[in-house]
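What follows is a set of notes on a single structure, which appears directly below.
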Amino acid sequence: MSRRYFGTDGIRGRANGLITPELAMKVGQAAGLVFQRGEHRHRVVIGKDTRLSGYMIEYALVAGFTSVGMDVLLLGPMPTPAVAMLTKSMRADLGVMISASHNLFEDNGIKMFGPRGFKLSDEVEKKIEKLLDENLDKKLAQSRNLGRARRIDGVHDRYIEFAKRTLPRELSLEGLRVVVDCAHGAAYKVVPEALWELGADVVPIGVEPDGLNINKECGSTAPEALCRKVREMRGDIGIALDGDADRVIIVDERGHVVDGDQLLAVIAESWKEDGRLTKPGIVATVMSNLGLERFLKDRDLSLVRTPVGDRYVLEQMLKQGYNLGGEQSGHIILSDYATTGDGFVSALQVLAVVQKLGRPVSQVCHKFEPLPQILKNFRYRNGKPLDRAEVKSAITAGEKRLNGHGRLLVRSSGTEPVIRVMGEGDDRILVEEVVDTIVSALGNPAVA
């Protein structure tokens, strides 16, 4: 069965394009029916980021869930990992996050978590998809069995305490000037407050959401503003989150960016020294730099690679017993603490290493020299460009040229009509030639 609605991270698209009130209500009904298990009163928790369309989608979901007899607990703007944590903590049958993550405000999405706080499996998503294409009128609850909805107070404090408990009680961030960019998104209240409670001198930016400015020239996908602010304020470290705070990028005191691969190296080395790794290795995706793999190998640690998407990273972590994994983009999963990527908790682990070593972030967080890596995106309108003969031929030729000297990865995005062409190797000129040849075969200029 093909997937019409769900991508690699829930349902995502243009607000009032794909993501309409009608679809959101139907998603609430379908998911509510799938998760009505047992005879108890069923409940769902719903959080959101700060997009203007979040109001529309939130109320449509409420209508859908209550119409099939599920009670709804509304959390308001909260990080995605907080929604996952609260789903389990509040004994809910289902958790929902309204967000398009790092996308701009025009887009929105619906991602869901099961009762244990994990993202839904492909199998469960297919069950929901099947119901989305059916007439559900005869499956609605009787009038006396409709669900109720109410807003929950104090959820910010719950997440702050959860995040703080991931650090040793005796560890303080006193003496650190931390510049944090919340991308005008879901973390704009909780993260600056939590850092202040831990003793840091906090300089917050990206904390003035207006519904339209989420991720706009800020956050983990546009860290330039944070780099400038760190240098301007003489910060010790910068933390950039994305709109729903499930990914993080670090900036050192010189204003240089530290990506997810480097953060995985920092945490992996520290956890190995402390005996905290459950297995001698970590899980990352096919996008992670070969430099990370070599760094880990030198320390007798393995790197298990998965397809792109934090859900696939977590799947392998659970299957093989690893407790650390993540993506170059900044999705870091620490399964000792969380069931999904948590940008803030990951940043806290890095801050703990910085405090423990007492050295500048530039010395702590640049663990290896990354191999030259070229990534270009080709946006298309329709069709299947990767099925064309000339594209297949260009990919095969590129793989032969890089054989033994690097890697080539060509894949379709799971969330937008984009083909990503990534090459890496010791010879930057060769890598760029290979990538450009494939992009040319795809037919249009690429967007770097």
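Easy rule for this one: first residue shown is 1, then count along the chain.
Just so it is clear, glycine is given a Cβ too, placed from its N, Cα and C backbone atoms.
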According to Swiss-Prot, Asp242, Asp244, Asp246 bind Mg(2+); which of Ser101, Ser121, Ser346, Ser362 is also listed for that site?
Ser101
Given a separation of at least six residues and a C-beta threshold under 8 Å, show me what packs close to Asp244 (Mg(2+) binding site) in the same chain.
Asp49, Pro79, Thr80, Met97, Ser99, Ser101, Gly185, Ala186
Show, in sequence order, which residues other than Ser101, Asp242, Asp244, Asp246 on the same chain lie with their Cβ within 8 Å of the centre of the Cβ atoms of the Mg(2+) site.
Asp49, Pro79, Thr80, Ser99, His102, Gly185, Ala186, Leu241, Gly243, Ala245, Arg247, Gly341, Gly343
